[in-house]
Amino acid sequence: MGRKLDLSGLTDDETEHVLQVVQRDFNLRKKEEDRLSEMKQRLAEENSKCSILSKHQKFVERCCMRCCSPFTFLVNARRRCGECKFSVCKSCCSYQKHEKLWVCCVCQQARLLRTQSLEWFYNNVKSRFKRFGSAKVLKNLYRKHRLESGACFDILGGGLFEPNLENEGSISGSDSTFYRQSEGHSMMDTLAVALRVAEEAIEEAISKAESHGDSLDKQNEASYLRDHKQELTEELAGTILQRIIRKQKDKAELRAEEEEPEWPRSQSGSVKARGEGTTAPPGRHKARATFRRSQSAFSFTMEDALKSGSAEAAPRSPKDRAQRLLEEAALPSWRSMDGLDGTNLAPLLQSPDGNWMTLKDGSRQPPTRLLTKPKSGTFQALEVASSVTSAYDEIGSDSEEDFDYSEALSKLCPPSQSRLKQPQPQPTQAQSSGQGPLATSPSNPEAMCSDSETSSTSSSREAGCRAKLSWLQRKAPKNPAVEKMPLQGELDVNFNPQAAGGETSDSSDPEETLRTAERRARRWRRARVGPEESNRGLPSPGAHPRALHTAQVSDNVSETDISNETQNSRSSTDSVEEKLRNRLYELAMKMSEKETSSGEDQESESKAEPKNQKGSLSSEENNQGVQEELKKKCSAVSLCNISTEVLKVINATEELIAESAGPWEIPPVSTDRENGMFPLGTDQVRLDKQLTSLEENVYLAAGTVYGLEGQLSELEDAARCIHSSTGETELADLEDQVAAAAAQVHHAELQISDIESRISALTIAGLNIAPCVRLTRRRDQKQRSQVQTIDTSRQQRRKLPAPPVKAEKIEASSVTPIKTFNRNFLLQGSSTNRPTASTGDTKDLMEPDLESAVMY
């Protein structure tokens, strides 16, 4: 696979011997490919059979997956394959000593196929080098044969194919290879090379994206590249061709500056277009007069050229000639344009189709070459052999994709300040600048059909784009506040808004990002409507030129059409382009607004705050504001969910306490309750600590359950988004994560049940939990003596914040002591007081009224 292969020095016998070797190599390759294809087919059938049989669990446990023979003790023992993980018999597998595992026969064949097919070689080397080995030798010999036989006469260029010793399939990273190829080849060969290189680049991008299987964004990128592979290939090939053509034109201009040929002047006032298409022998192709592309292809007419020639009869200075060369450099052409100088016109010969012209010389007649699409049989045979279309079918044609939106939007954008200060040019000035009146007239068919690939500095481009302005004029915004709004974003080819800093949105949910951008744009517009309407009556000095621009758009359309773009400075051009991008962004946002619902409009209108919104906010600050709003919404939702879960757990706990206390009765109000005293033998501090610890455990358990539920929901969403090509190992990892999360949820539920059992044990032991006192916030002595019931503590719990963070949960759970309770602490005292004490305790247990039993 060397860079060069020169076989020009071989004799006929040596060439014949090389051809025999190449033919034998091709035959061997074909046989090997047939054998590998049969092996692949057998493996595919075996895999399909295994996929069907593996669904039956009993068959997998009792029979061999390969030969379907049943397993028997000591006679036909089963063994587990190390690759496919299926159970196979002894006859269907072999032991690999270096790997220390059993491998079935099918997996061995798969390994052999991967080794013999050289997949790594074809994926990494052959995709980059299309022609190497025998194919490269054969191509070189064929080129040599064509050179010797003389059958390689270039139909299009009029020269011979020069032998290209470079590897045409190499993409070493430089475009010099393609430039060298295009010098000695026809444009058809150059286009074929560009298409092949573009296809290889797209395939390499797809393979790189597919290598990152764990990233959802890379998978989406790979699918997009596969779906739009043909369009992207054509676009990239066009870019490569433009670079090749630009370099060829630069070389031609340099040669023209060095030679500076003198062309005879035409003193006649009119030149008739004639269809004298003559042919010349091959020996005349070195004539000094070369063909030039017609003026109609660049929106020039013969009348305009003659007018400009008669107006400027004196020869131009070298500075004007250099300026003309710079203007011509921006025009797409397959041939040099040095001879199309308006001051030095010669008698012309026009082709029958009107697309190509040549200079007429009295002594020598130049050969006529029509560079439109040829119809000869040789050219068509070359097209079929190279499996590509002609370069002239697509290059230089008017299409919807080539339409320059920035130039078309100049009709909708106000002119620059420097343009307003210039007086309106007279028709004579417009003609002297090299642009005739027919070049900008909408009724001129030549101007309407001009090339869409000319530079933005040419006023003929504006005339060519007028036919496409109707759609953009219908979509133009009618709100002046919207027209004045400064937007900091830019647009790519697909009308995707991007930040000014160059950061692209790479989120996995493009619809959500689009809705966020739409809502933000609507808030900006509504916030700026009020201030701008108030400032409209008293315009500031800074806003006066902008309003003046808006008022004079309709009056200055003709002025901008005939003005010369080269007279404006760089700064004015940059400002116009920035305004065009902003206007195009406004159009895209207005089109997307029509698809939103009225409910979202009302919601965004109610939340709009004009005093906080400013037109000079950068895109980064706006993105930060949107992220903060999303965080607040998410925190509010999570706080609501946490509060709901905590209240459910607390209410369930209180319900268990109420049920364990027995049927409710309305006991008489005791004097101790009226005085705010606890029953005899009740340790107030101890009961409060116990209830506080129980509530903390409830909060921790509820927070753990909520966090685990969130993890489960995230795992479920990730499982739904998994691509169909996800491997078995990734699925197994996800299943392990789900099982671990489920185990944690089960553990949290066990903790909750343990807390409930402890509460019931406390109730059965005789502890009166209802008349406890909250000791969390004691600010004065009066609050300490107040008795709080379950009803009042429930109201306080509703005001509690969200449970602590995960670190605090772990610390609290590790520090929480284990409470031990004495069942006989009420039996302290004399034996005579025991019945009385037990009776009083029973009454205290029945004291909570019926209102606290209602669970809500």
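One-based numbering along the chain as shown.
Even glycines carry a Cβ here, placed using N, Cα and C.
Quick look at what Swiss-Prot lists:
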type     : residues : note
DOMAIN   : 4-124    : domain 'RabBD'
ZN_FING  : 63-105   : zinc finger
REGION   : 143-560  : region 'Myosin-binding'
REGION   : 193-209  : region 'PRKAR2A-binding'
REGION   : 232-248  : region 'Negative regulation of PRKAR2A-binding'
REGION   : 252-294  : region 'Disordered'
MOD_RES  : SER299   : phosphoserine
REGION   : 351-578  : region 'Disordered'
MOD_RES  : SER351   : phosphoserine
COMPBIAS : 395-405  : compositional bias 'Acidic residues'
COMPBIAS : 427-437  : compositional bias 'Low complexity'
COMPBIAS : 450-460  : compositional bias 'Low complexity'
REGION   : 495-856  : region 'Actin-binding'
COMPBIAS : 551-574  : compositional bias 'Polar residues'
REGION   : 592-625  : region 'Disordered'
COMPBIAS : 613-625  : compositional bias 'Polar residues'
REGION   : 778-806  : region 'Disordered'
COMPBIAS : 784-793  : compositional bias 'Polar residues'
REGION   : 826-856  : region 'Disordered'
COMPBIAS : 826-840  : compositional bias 'Polar residues'
Secondary structure content of the zinc finger (63-105), with strand meaning DSSP E or B: 4 helix, 17 strand, 22 coil
Per-residue pLDDT averaged over the region 'PRKAR2A-binding' (193-209), given as an integer: 85
Helix-strand-coil residue split for the region 'PRKAR2A-binding' (193-209), DSSP-based: 17 helix, 0 strand, 0 coil
For the region 'Negative regulation of PRKAR2A-binding' (232-248), residues assigned helix / strand / coil by DSSP: 17 helix, 0 strand, 0 coil
